[in-house]
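Everything below concerns the one structure shown next.
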Amino acid sequence: MPVPGITVETILRDHDDLQLQLVTGEVGLSNRINSAEINRPGLSLTGFFDFFANDRIQILGKGEWAYLNSLSEEKLGEITDKFFEFHLNCIIYTHGNEPQVPFVERAKEKGIPLFKTEIATHRFITLISQILDRALAPRTMRHGVLIEVFGIGTLLTGRSGVGKSETALELIERGHRLVADDMVEIRRLSESYLIGSCSDLLRHHMEIRGLGILNIKDLFGVGSVRDHKLIELIINLKEWEEQTSGDYERTGIEQSMEEILGVSVPYIEIPVKPGRNIPIIVETAAMNQRLRKMGKNSAKEFSNKLNTYIQQSSIETNPIKD
């Protein structure tokens, strides 16, 4: 996987909602942004540059703009020179404020993109932070099929040829939705959430042995696909092995987990052999996961009932005598 990153040019080109207007520094549009954090350089503009986060996007709001306007020409030039001694990826003025002339001159000289936007500072920071969080999120690739089953993002894994795509195709025919086939791109958007998606090239397509490449959106309609989905369940399809059949889960009391990018996801292993209806088992697993999220564990409830029954039977069989 390539190292997550985004260029200034990509932000300018793909996100019209930011209302960015390039003032100068177009030669630096190829600068890469590698931090999702935003910096408001208020303290640095007073001359204190210790711990200056120059690797972040620099946002100058009303406060910074008003402070720079209050400085004498000599002091403004001094602060500007110190500020532009650092390598900066880009600078953005909010509220439609016009950048000070020394800032424009230095940005042009250093090749640092300088923007302004009509959006208020707080709103702008919220918007661009969401963009950076998505673009710079830790990510990995997994071989499998990601499908939404009863609202649960279900990642089907298993060795090649075990029947992942065929199972997913049957689920799609039943009304569930495809997210990604073959290679699933997984991003961690927070400490506990994983989002799965597909590359632009493979999106909405599946490979079925004997049929080739299928466009699921064209075959089953727009309601049969979606671009991304929260991963809430991993189901590993594994060929049935008689010698290890006793190792398969029989009660479901304990929930197995698999870790991806530091996030633990519920994990189920389903043995595959002729005669087993795997799609309906996957549907049932997804519905059961929804129940678990709601705090209802059928296996534990049954275990509690069984323990109560055994205790009552023991008392009836061996009554306590005075």
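From the backbone N, Cα and C atoms, a Cβ is placed for every residue, glycine too.
Marked as active site by Swiss-Prot: His143 (among others). His143 (active site) is surrounded by 12 other CB atoms, counting those within 10 A of its CB over all protein chains shown. His143 (active site) falls within a strand when secondary structure is assigned with DSSP.
Neighbour density for Lys164 (ATP binding site): within 10 A of its CB lie 26 other CB atoms from the protein chains shown. Sequence annotations record features per position, and here Swiss-Prot assigns ATP binding site to Gly158, Arg159, Ser160, Gly161, Val162, Gly163, Lys164, Ser165 based on sequence analysis.
Under the heading active site, Swiss-Prot lists Lys164 (among others). Lys164 (ATP binding site) carries a helical DSSP state (H, G or I).
Packing around Ser165 (ATP binding site) is summarised by its Cβ count: 22 other Cβ atoms lie within 10 angstroms of its Cβ, all protein chains included. Among the features that Swiss-Prot reports, Mg(2+) binding site is placed at Ser165, Glu207, with the record citing sequence analysis.
According to DSSP, Asp182 (active site, proton acceptor) sits within a strand segment. Among the features that Swiss-Prot reports, active site, proton acceptor is placed at Asp182.
For Arg250 (among others), the entry in Swiss-Prot reads active site.
Remote same-chain partners of the region 'Important for the catalytic mechanism of dephosphorylation' (271-276), defined as residues 6 or more beyond its termini with a Cβ less than 8 Å from a stretch Cβ, comprise 158, 162-163, 237-241, 245, 248. Residues or ranges marked as region 'Important for the catalytic mechanism of dephosphorylation' in Swiss-Prot (evidence: sequence analysis): 271-276.
DSSP gives Arg159 (ATP binding site) a coil state; it is part of no helix or strand. Sequence-distant contacts of Gly161 (ATP binding site), defined as residues of its own chain at least six apart whose C-beta falls under 8 angstroms from its C-beta, comprise Arg209. Note: the CA-CA distance between Gly163 (ATP binding site) and His143 (active site) rounds to 13 Å. Ranked by how many other Cβ atoms sit within 10 Å of their Cβ, the binding-site residues Gly158, Gly163 place Gly163 at the bottom. Around Glu207 (Mg(2+) binding site), the C-beta neighbours below 8 angstroms that are at least 6 residues distant in the chain are Ser165, Asp181, Asp182, Ile213, Leu214. Cα to Cα, Lys164 (ATP binding site) and His143 (active site) are separated by 10 Å.
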